[in-house]
Amino acid sequence: FKGGDTCEYLLSSGRFLGEKVWQPHSCMMHKYKNSEAKNCLLDRRVAFIGDSRIRQLFYSFIKLLNPQVKEEGNKHGNILFEDKSASIRVDFLWYPEVNGSMRQRIKSWTEDSVAKPHIIVAGAATWSIKIHNGSNEALTQYKINISSIAPLLEKLAKSSDVYWVLQDPVYEGLLSESRKMITNEKIDAYNEAAVRILNSSSRNSKAKVKVFSVSKLIAQETIMKSADGLHLPESSRDTNAMILMNVYCNKIMKPIDGSCCQPQPPLTLIQKLAFCFFTLSIIGSLIISLIHRNNYRKNKSCTDLESGEERKPAVSTPHVSTLEMLLHSFCKLGLIMTYFYLCDRANLFMKENKFYTHSSFFIPIVYILVLGVFYTENTKETKVLNREQTDEWKGWMQLVILIYHISGASTFLPVYMHIRVLVAAYLFQTGYGHFSYFWLKGDFGVYRVCQVLFRLNFLVVVLCIVMDRPYQFYYFVPLVTVWFMIIYATLAIWPQVVQKKANGNCLWHFGLLLKLLCLLTCICFLSYSQGVFEKIFSFWPLSKCFELNGNVYEWWFRWKLDRYVVFHGMLFAFIYLALQKRQMISEGKGDPLFSSRVSNILLFISVVSFLTYSVWASSCKNKTECNELHPSVSVVQILAFILIRNIPGYIRSVYSSFFAWFGKISLELFICQYHIWLAADTKGILVLIPGYPMFNVLVSTFIFVCVAHEISQITNDLAQIVVPKDNSTLLKRLLCIAGFFSGLLLFSAVQDQSRH
């Protein structure tokens with residue numbers, strides 16, 4: 001389903017999400033702050049011309065520029081608003097009827113280019129109905145007058161944005177006696193006349209007066225809340241003003257979450273090169289497939305005409321070469337990236353704003369938890385945080401995070417704080433997993449480092465190229481990448497302390513603890529030295545990776561938010577492995593982790609700690625204050641969960657294969673959601689099937705999960721080719737990768753220069 005002209009949809013159609021949130025058909029509205037509105041309307045002049053309803057719209061519009069404005073002054077006269085700091089002027093001109101006076105004012109603008117407004121919002125009819133007691137002669141005169149004005153509006157529309165506001169319906173039961181003649185039937189007749197005349201006037205002209213008809217739809221839902229039956233309630237007027245702001249400003253400001261009226265961004269040089277590369281890969285893969293097919297046909301078994309028996313040719317199945325695997329992987333990846341681009345960069349599919357309700361978040365959560373319980377199986381091993389258990393943990397956390405994102409639950413602070421713990425738990429696993437590997441294996445080779453870095457970053461690098469987004473935009477991958485390098489550096493720097501060495505001399509344990517203490521000191525120093533942190537990551541080429549919107553503040557915020565949890569993961573791994581080595585814990589199938597008494601005490605403390613954190617998070621009133629405490633206290637709920645999950649032997653011995661399956665592709669799910677499940681870079685929701693929200697979610701989710709799974713397989717296949725075990729071959733590949741990124745930086749610099 002093609003999105004079509006989103007400006008047309010924004011001005012003419014939509015629906016309410018809940019009571020106050022307006023959702024235009026097929027696109028997303030941005031909620032403009034006064035600073036953004038001022039930047040958009042810098043050195044602009046806006047004119048509202050019409051009756052009392054237009055005056056209401058005028059006040060709602062200028063309140064977007066200055067919320068302190070009060071509705072006072074002569075109600076039946078002209079009103080001027082001026083913001084000298086931004087050179088913005090907004091006029092309301094009192095012309096309650098479409099007549100010669102209004103025509104003369106509009107004509108004066110066509111003759112004076114200096115005084116001509118950049119935006120003109122006009123509309124009137126109810127006064128004509130009221131003064132002439134709803135007579136047919138008045139409607140006939142209205143048609144004549146608007147016919148004389150239409151060519152002038154078309155002339156203005158060639159260089160200005162001109163909007164004709166259709167008349168909203170009235171709530172006849174609330175109208176005063178002097179307004180009883182204003183009926184919805186009469187209003188419909190006036191609107192029909194205005195639309196027909198304006199459309200016929202612009203039919204043969206490139207310029208077009210935009211008919212603002214969406215106000216009618218909004219009024220139909222809210223006019224019953226009107227104080228007098230004629231004028232809209234304030235919330236509806238504010239919605240209309242925000243729609244006007246989106247129509248004019250989205251193409252100028254280009255907000256991420258304002259897809260209405262935004263043109264498709266032009267392809268960058270890097271995107272064009274990526275398109276050529278993937279096209280060649282697809283062609284190459286098809287050619288190789290055709291060659292194999294022909295060879296198969298030549299060598300396939302044939303029937304012996306005399307005996308009637310089949311003869312099998314003595315041809316073995318050819319080994320798949322590295323080139324074939326590369327082309328096949330890039331062919332699949334190219335098709336997938338095309339889908340990514342069509343979903344979130346081309347104006348092909350519709351996008352909608354998120355709207356949070358408690359049911360939209362909690363019902364799916366209950367549903368997937370029940371599903372997960374049904375897929376319970378026995379684990380292969382019963383160690384604490386064994387592979388199946390960590391995959392299960394990642395899986396259910398990722399599903400909860402996905403539901404959190406699509407439901408827009410970040411607006412509900414208790415849910416936000418619990419999701420912050422889930423993100424921290426991912427990083428805790430990063431510290432735990434990598435520390436355990438280096439401590440037990442003692443493998444600090446380049447191959448291991450390159451494998452991890454490739455698997456973490458491959459998809460994000462491709463998306464940065466195809467979707468024209470900075471690396472820091474996919475913040476979680478830079479976060480886990482940097483923390484992996486910090487863990488590696490901490491343990492690899494002399495003296496290298498591993499379990500094998502520490503078993504010979506207990507003093508090495510103190511050496512490792514000293515290293516961890518130094519790491520904690522560095523973390524504390526950087527967390528309280530924002531200037532130093534920003535200087536480190538502002539050096540080129542690091543700045544190209546960690547800058548977002550021209551600075552590294554977002555990277556600082558993300559790093560600081562979970563600054564201690566990786567250290568906590570490393571420390572937990574050290575303590576657990578030390579206890580395991582000294583056989584101080586029991587990890588047999590069905591056995592509690594400690595003695596019955598100790599296990600019961602720890603379980604009680606864990607449950608109380610878990611619930612205490614939840615109560616604290618649920619009582620949060622201020623996101624900033626809670627974020628300040630989060631780095632220090634998030635580990636409480638993480639450790640409580642680990643102990644609850646692992647102390648009882650029967651719980652430790654089972655896992656959910658349903659959650660574990662999702663856990664194996666959790667990184668791909670987290671990254672892919674940005675563009676093919678959500679939309680507008682996570683700000684909205686992708687709509688593949690409009691009009692059927694539940695069916696749309698089912699279809700888009702199925703495609704999204706399949707794509708994430710396929711990308712996981714492609715990444716694993718390419719990792720074997722790009723990062724070989726042979727050191728000399730690996731060195732050559734690393735030089736090629738360095739050359740690739742150097743070229744990418746060069747093209748990026750060229751792009752930036754051309755944009756400026």
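Glycine too: its Cβ is placed from the backbone N, Cα and C atoms.
What you are looking at is a predicted structure, and each value in this text was computed from that prediction instead of being measured.
Taken from TrEMBL, the feature domain 'NXPE C-terminal' covers 22-92.
If you look up TrEMBL, you'll see 253-734 marked as domain 'Cas1p 10 TM acyl transferase'.
According to TrEMBL, the feature transmembrane segment maps to 269-291 (among others).
Taken from TrEMBL, the feature transmembrane segment applies to 325-343 (among others).
Taken from TrEMBL, the feature transmembrane segment covers 355-375 (among others).
The transmembrane segment annotation in TrEMBL covers 396-417 (among others).
For 452-468 (among others), the entry in TrEMBL reads transmembrane segment. When Cβ-Cβ distances below 8 Å are used as the criterion, the transmembrane segment (452-468) is approached by residues 265, 268, 270-271, 274, 333, 337, 340-341, 344-345, 434, 474, 477, 480-481, 484, 667-668, 671-672, 674-675, 711, 715-716, 718-719, 722-723, 744 of the same chain, each at least six residues removed from its ends.
Residues or ranges marked as transmembrane segment in TrEMBL: 474-494 (among others).
Annotated transmembrane segment per TrEMBL: 506-528 (among others), in sequence order.
Residues or ranges marked as transmembrane segment by TrEMBL: 561-579 (among others).
According to TrEMBL, the feature transmembrane segment maps to 600-617 (among others).
For the transmembrane segment (659-679), the list of distant contacts is 28, 259, 339-340, 343-344, 349, 351-352, 372, 375, 388, 390-399, 401-402, 405-406, 455-456, 459-460, 463, 467, 474, 476-477, 685-687, 700-701, 703-705, 707-709, 711-712, 715: same-chain residues at least six beyond its ends, Cβ to Cβ under 8 Å. The annotation transmembrane segment is assigned in TrEMBL to 659-679 (among others).
Sequence annotations record features per position, and here TrEMBL assigns transmembrane segment to 685-709 (among others).
What TrEMBL records for 730-750 (among others) is transmembrane segment.
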Contact yes or no, the transmembrane segment (561-579) and the transmembrane segment (474-494), 3+ Cβ pairs under 8 Å, gap 6+: yes
Secondary structure content, the domain 'NXPE C-terminal' (22-92) (per DSSP, counts of residues): 21 helix, 19 strand, 31 coil
The transmembrane segment (730-750) vs the transmembrane segment (325-343): 3 or more CB pairs under 8 Å: no
Contacting positions for the transmembrane segment (269-291) when only residues 6+ beyond its ends and CB under 8 Å are counted: 324, 327-328, 330-331, 333-335, 337-338, 465-466, 468, 744, 747-748, 750-751, 754
Distal contacts, the transmembrane segment (600-617) - CB-CB under 8 A, six or more residues away: 414, 417-418, 421, 594, 626, 633, 636-637, 639-641, 643-644, 647-648
